[in-house]
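**Student:** Let me begin by handing over the structure; questions about it come next.
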Amino acid sequence: MDVLTTTEMERADRLTIAAGTPGFALMMSAGQAVAEAAMDLVEEGPIVVVAGRGNNGGDGFVAAAELAARGREVSVILLCERDSLQGDAALAAKGWKYPVLPFNPQALGKPALIIDALFGAGLNRPVKGDPLEMIGAINANGTPVLAVDLPSGINGTTGAVMGAAVQAAETVTFFRKKPAHLLLPGRMYCGRVRVADIGIAAQVLDEIKPLTAENLPEAWRWSFPVPRIDGHKYARGHAVVVSGDLASTGAARLAARAALRAGAGLVTLASPRDALAVNAAALTAVMVRAVDNPIQFAELLGDKRLNACVIGPGAGVSARTRDFVHTALSAQRHLVLDADALTSFAGAPDRLFEAIKASDGQQVVLTPHEGEFPRLFSDISNKHPGRSKLERVRAAAERSGAVVLLKGADTVIASPDGRATVAANAPPWLATAGAGDVLSGIIAGFLAQGVAAFEAASIGVWMHGESASEAGPGLIAEDLTEVLPAVFRRLYDEFGIEY
Ligand SMILES: NC(=O)C1=CN([C@@H]2O[C@H](COP(=O)(O)OP(=O)(O)OC[C@H]3O[C@@H](n4cnc5c(N)ncnc54)[C@H](O)[C@@H]3O)[C@@H](O)[C@H]2O)[C@@H](O)CC1
Ligand SMILES: Nc1ncnc2c1ncn2[C@@H]1O[C@H](COP(=O)(O)OP(=O)(O)O)[C@@H](O)[C@H]1O
Ligand SMILES: [K+]
């Protein structure tokens, strides 16, 4: 499902209004969707609407009137003077036939539900003064909160908290999700997210051409590889994982097994000779080859069937690792660079980016976590609150010429062409040692099958997150690969692929 920035959403509103639907009709639908959600959340008891001065407050007035019409006990607390409301919000307030309460935290009382209609997409500065105090009081009240469009205080486009934010149990947003419903910290304030249809036609997206999507199967359905009846293992690609030295071979084995499970027809572990015995003893379907240096690695890659590589897990931070990376890039192999392969270029990544950009048709994915990201992209600041994770990853993809995947609970994947996905399906117990190694292997498994980098990374991240949910709490990295077949089966069912 496409995700719209607040600017793109404004455009969707404007295009719809220009096509003949009055803005107030959109507000009526929005308010009614909020009322519907409120009825579902609490079957009885009083409801308090906290309304701001903009259209978010307008939605709140419509919801209040609708709930009152359905016999619910409702009160409205308004941030400003009622006569100072303008436009559609003023119109919506006219539909509320009762008094409004002054903007005083005491007025909240102890209702069954609070509807937060203070700020939505129009929040444009940090929250201070009375609204700040009210947000604190809403959060301290202990009553479930239904947020209109966004929890007040959350920046819709970046997901940042602007001073303070309402903690909602549920958020009703309109037409499409906004980045803040997926990116942290915003997502944590939203609770469950409901997307309501308010009469905006999907065709407006043809004009807006959004570049961001939630990382869901529909985003890559048509890139998902399915083994062919007349296929054979070489038709499914051959992935190579570079192993670390004797003391750190486990990470590469995790990646290798994951690549095989993800569907690569064959997987070879390129192992230092002195670690051969340990690797061979721990592997069965994955093959092992002795590779001590970049020259031997280049010889191995002389076999063109070996079409995708993983370098980084357990590889060691060194010039040797850099040389392996350059060897794979010169050999034009699809490539996942993770962990030590990224850190080996810390502070001086330009040669790496040049080599990536010089290659043609080669699919390269960089998979940093938040610690590794600044080592390659120090000036694409981690800290600026105005710069979202989406923007940072997009800038990194453009800079490097590779698909960049920045890990976390809200993993963002961006392509140099501007497309991006945000994942929200990974459970917190996925944060466990070795999980990242498995992810790099899964992605390489899809690259080996001929999937392009952006889609391979998106498929990999989604399946990785689903595998963690499938395995459940108590997960260790080894489990992820073992539950992948169950995730494949669900996906085959969803896509209607016979097996
Ligand atoms: N036609 C439309 O555009 C529609 C808009 N809708 C609603 O309209 C909302 C956006 O409405 P608006 O653009 O009026 O914006 P908001 O209602 O989110 O807030 C804007 C108002 O808050 C003030 N403000 C912003 N930050 C502040 C801060 N930190 N402290 C104090 N005041 C602050 C602004 O000066 C402005 O007066 C959406 O979130 C959605 O709920 C829906 O009704 C659907 C249709
Ligand atoms: N809070 C979280 N919720 C869900 N997934 C998370 C969370 N924190 C990290 N992850 C995921 O866990 C994995 C950890 O990978 P990484 O940091 O590379 O660990 P390692 O190097 O130990 O394998 C990544 O896929 C990341 O997206
Ligand atoms: K709100």
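First residue shown is number 1, and so on along the chain.
Quick reminder: no glycine exception, Cβ is built from N, Cα and C everywhere.
Annotations in TrEMBL come from automatic prediction, not curation.
Here the structure is a predicted model, which means the values were calculated and not measured.
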**Student:** In TrEMBL, the residues ASN56, ASP116 are said to bind K(+). Which of SER152, SER223, SER243, SER248 is said to bind at that same site?
**Tutor:** SER152
**Student:** If TrEMBL gives LYS407, GLY408, ALA409, ASP410, THR411 as binding AMP, which of GLY434, GLY436, GLY441 does it give for that site as well?
**Tutor:** GLY436
**Student:** Taking just the CA atoms, what is the gap between ASN56 (K(+) binding site) and ASN124 ((6S)-NADPHX binding site) in Å?
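**Tutor:** Approximately 13 Å lies between the Cα of ASN56 (K(+) binding site) and that of ASN124 ((6S)-NADPHX binding site).
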**Student:** Between 0 and 100, where does the mean pLDDT of the domain 'YjeF C-terminal' (216-491) sit?
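**Tutor:** On average, pLDDT over the domain 'YjeF C-terminal' (216-491) sits at 96.
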**Student:** Quick one: what's DSSP say for LYS407 (AMP binding site), helix, strand or coil?
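**Tutor:** The three-state answer is coil.
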**Student:** Output: those binding-site residues from ASP116, HIS369, ALA409 whose CB lies less than 6 Å from an atom of ligand 1, in sequence order; none if no residue fits.
**Tutor:** none
**Student:** Express the distance between the Cα positions of ASP149 ((6S)-NADPHX binding site) and ASP116 (K(+) binding site) as a whole number of Å.
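**Tutor:** Checking the Cα atoms of ASP149 ((6S)-NADPHX binding site) and ASP116 (K(+) binding site) gives a distance of 9 Å.
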**Student:** Return the members of ASN56, ASP116, ASP410, THR411 (the binding-site residues) with CB less than 6 angstroms from at least one atom of ligand 3, or none.
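**Tutor:** List returned for ligand 3: ASN56, ASP116.
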**Student:** Using other CB atoms within 10 angstroms as the count, which residue among the binding-site residues ASN55, ASN56, ASN124, SER152, THR411 scores least?
**Tutor:** ASN124
**Student:** Please determine which of the binding-site residues listed here (HIS369, LYS407) has the lowest count of neighbouring CB atoms within 10 Å.
**Tutor:** HIS369
